[in-house]
Amino acid sequence: MLSILSAGIAPALALLSYIYLKDKITEPIWLIIRMFILGALLVLPIMFIQYAISSEFNYDSIFIEAFFQIALLEEFFKWFVFMFVIYQHEEFDNHYDGIVYASSLSLGFASIENILYLITNGIEYAFLRAVFPVSSHALFGIIMGYYLGKAKTHTNYKKKNLTLAFLLPFLLHGIYNFILKGFSSFTLILTPFMVLLWIIALYRLKRANENTIIN
């Protein structure tokens, strides 16, 4: 069990450390841990809602499952928790901060989801899980956090950026799920898609850091 827990949480901690260490102005560790824990606590309620929806409606559509049962619920709840808990917090005062806190939230979610999967299916899937699901949650978190940070620091376009902070991760997550569930040789399509996401995310990291004001 210890090996599964380690394999389940290590990729998320590694990615979060990378994002945190890129920050020009370090955020309080306790607040990052808080967001990570809140992300972890989202997993079981969302799984329950997803199960209830699939049981009640009994649809047979990969598209609906990928975009609405999975991506919509997960990204909306992450976005909502961010807005409720951290958006008005005094420590959220720079563009890059949005990325740090949104990534913490996303990777907390990814860690528990990953541990549950490895418990059910075996530790031999740990590498693939790290490369695809865990890193994808980090990338969606970076994109969400980029626009949340932009909304906080560029108030002229606040509504637009708050909308993009939810809409873009939702659409990208939906595409990711659709590829994963809709194609038998999904790695051939998912790999270039993930590379594209990494390029976008790294660019967003760079831009947000450039916009960070050091007092």
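Note that Cβ sites are derived from N, Cα and C of the backbone, with glycine treated the same way.
Remember, it's a predicted structure, so these values are computed and weren't measured experimentally.
A mean pLDDT of 83 is what the model gives for the topological domain 'Cytoplasmic' (24-29). According to Swiss-Prot, the topological domain 'Cytoplasmic' annotation covers 24-29 (among others), on the basis of sequence analysis.
According to Swiss-Prot, the feature topological domain 'Extracellular' maps to 53-98 (among others), an assignment based on sequence analysis.
For 121-128 (among others), the entry in Swiss-Prot reads topological domain 'Cytoplasmic', with the evidence type sequence analysis.
Residues or ranges marked as topological domain 'Extracellular' in Swiss-Prot (evidence: sequence analysis): 151-178 (among others). A Cβ distance under 8 Å defines the sequence-distant neighbours of the topological domain 'Extracellular' (151-178), meaning residues of its chain 6+ beyond its ends; these are 62-63, 65-68, 70-72, 74-76, 78-79, 83, 87, 92-95, 97-98, 136, 139-141, 143-145, 190, 193, 197, 211.
Under the heading topological domain 'Cytoplasmic', Swiss-Prot lists 202-215 (among others).
Sequence annotations record features per position, and here Swiss-Prot assigns transmembrane segment to 1-23 (among others).
Per Swiss-Prot, the feature transmembrane segment maps to 30-52 (among others). Within the chain carrying the transmembrane segment (30-52), a Cβ under 8 angstroms from the stretch's Cβ atoms is held by residues 16, 20, 69-70, 73-74, 77-78, 81-82, 85-86, 89, 91, 100-101, 104-113, 116, all 6 or more beyond its ends.
Per Swiss-Prot, the feature transmembrane segment maps to 99-120 (among others).
If you look up Swiss-Prot, you'll see 129-150 (among others) marked as transmembrane segment.
Per Swiss-Prot, the feature transmembrane segment maps to 179-201 (among others); the stated evidence is sequence analysis. Within the same chain, residues 62, 65-66, 131-132, 135-136, 138-139, 142-143, 172 sit at least 6 positions outside the transmembrane segment (179-201) and bring their C-beta atoms closer than 8 Å to a C-beta of that stretch.
Packing against the transmembrane segment (99-120) from elsewhere in the chain are residues 4-5, 7-9, 11-13, 15-16, 19-20, 23, 27, 31-33, 35-44, 74, 78, 81-82, 86, 92, 126, 129-130, 133-134, 137-138, 140-142, 144-146, 148-149, 204-205, 208: each is 6 or more residues past its ends and has a CB under 8 Å from a CB in it.
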